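Everything below concerns the one structure shown next.
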Amino acid sequence: MTNKLGCIGGGQMGEALIKGILQSGLYPKEQIVVADPDADRRQFLEQTYSVATSGNSADVWLTSDTVILAVKPQVMGRLLRRDKDHVSERHLIITIAAGLPLSFYNDCLNARAYRIIRVMPNTPALVLEGASALSGNENVTATDLQQAIGIFNSVGKAIVVAEEYLDAVTGLSGSGPAYVFTFTEAMIDAGVKCGLPRNVAEALTLQTILGSVNLLRQSGEHPAVQRARVTSPGGTTIAGLHVLERAGFSGIIIDAVEAATRRSLELGGKR
Ligand SMILES: NC(=O)C1=CN([C@@H]2O[C@H](COP(=O)(O)OP(=O)(O)OC[C@H]3O[C@@H](n4cnc5c(N)ncnc54)[C@H](O)[C@@H]3O)[C@@H](O)[C@H]2O)C=CC1
Ligand SMILES: O=C(O)[C@@H]1CCC=N1
C-alpha cells in the first residue's frame, strides 16, 4: 500500500498539475513520481520540481495507488495495452485525455472492475486557477471521487458532471485558455496599433481582463448587464461593439467552442 501520486506523461498538462499540486501542498515532492520516455523532459522535471521520474511507466503503476494518465489520446491505447499487467484493482486511475470515453479504458485493460475517473482540467492549474470537470465510472466510490475532487480543487475549481458533458467541457474550458490568450494578444496589439507603448498596452489589457472577470464574479450579474454599464449612449464602446458584432464575434466564439467539442468527440471515435 502506498499513498504516492503517479503521473504518466510529464508534458504541458502533466507539469501544470504537478506544479499546482506541489504549490498547494496536497502532496509533498517525495510522494510524486512521473513517467515520461523523453529524457530531457525527465531531467527538467527532476531539476525544477525535485520529483522522482522514470522512463518506464511500469514504475508508476508499481509505486502509486493513484495514477494520473496525462499522455495524448492518440498514444493512450498503446500505453494501456502495454501496461495492463501492471494495473490492478488497487489503482485509482485518473485520466485527463481529451475525448476518450471511460469505456475506452476498461476495453484496453480487458477489465470491468477498475476505478477510473475522467477529468478535463486546464493549464491555469499552473497558478492554482484551473477549471476542471470530472466524471467517474460505475466502480468509483464516493471516497475516490472525493480524492479526485481534492486533487483538482487543489489546483483550482473542480466540479462533477455527467460523462456526456465532458466533450463540451473540453471545447469550452479545456481549450478555453487558448481562446483567452488569443483575445489577449489581439487586445495588446490593438493598443499598440492605436499608439500605446507595448508595455502599457500589456499592463492595461491584463488588468482589464482580470478586473472584468472579478466584477462579474463579485456582482453575480449577467455579462449583458455589465456590458450595458460600459456602453454610454453615442459613446466609444458602442462604436467598438458595433464592429465586433458586425464581424460575428459572438458567433465565431460559439463556432470555435463547437469545433473543439466536435474534435473531442472525434478523438473518442464518436464522430
Ligand atoms: N495541454 C492542455 O491544455 C490540456 C491537455 N489535456 C490532455 O492532457 C494530455 C497531455 O496533453 P499535453 O500535456 O498537452 O501533451 P504533451 O505532448 O505536452 O505531453 C505528453 C507527454 O507524454 C509523454 N509520453 C508519450 N508517450 C508516453 C508513454 N508511453 N509513457 C509516458 N509518457 C509518455 C510525452 O513525452 C510528453 O511529454 C492529453 O491527453 C490532452 O488531451 C487536457 C486538458 C488540457
Ligand atoms: O488541444 C487539446 O487537445 C488539449 C485538450 C484540451 C486542451 N488541450
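Note that Cβ sites are derived from N, Cα and C of the backbone, with glycine treated the same way.
Feature list (source: TrEMBL):
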{"type": "BINDING", "residues": "I8, G9, G10, G11, Q12, M13, A70, V71, K72, P73", "note": "NADP(+) binding site"}
{"type": "DOMAIN", "residues": "4-99", "note": "domain 'Pyrroline-5-carboxylate reductase catalytic N-terminal'"}
{"type": "DOMAIN", "residues": "163-267", "note": "domain 'Pyrroline-5-carboxylate reductase dimerisation'"}
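Packing around G10 (NADP(+) binding site) is summarised by its Cβ count: 25 other Cβ atoms lie within 10 angstroms of its Cβ, all protein chains included.
Of all residue pairs in the NADP(+)-binding list (I8, G9, G10, G11, Q12, M13, A70, V71, K72, P73), the one with the greatest Cα separation is 14 Å apart. For the domain 'Pyrroline-5-carboxylate reductase dimerisation' (163-267), the mean pLDDT of the prediction comes to 98.
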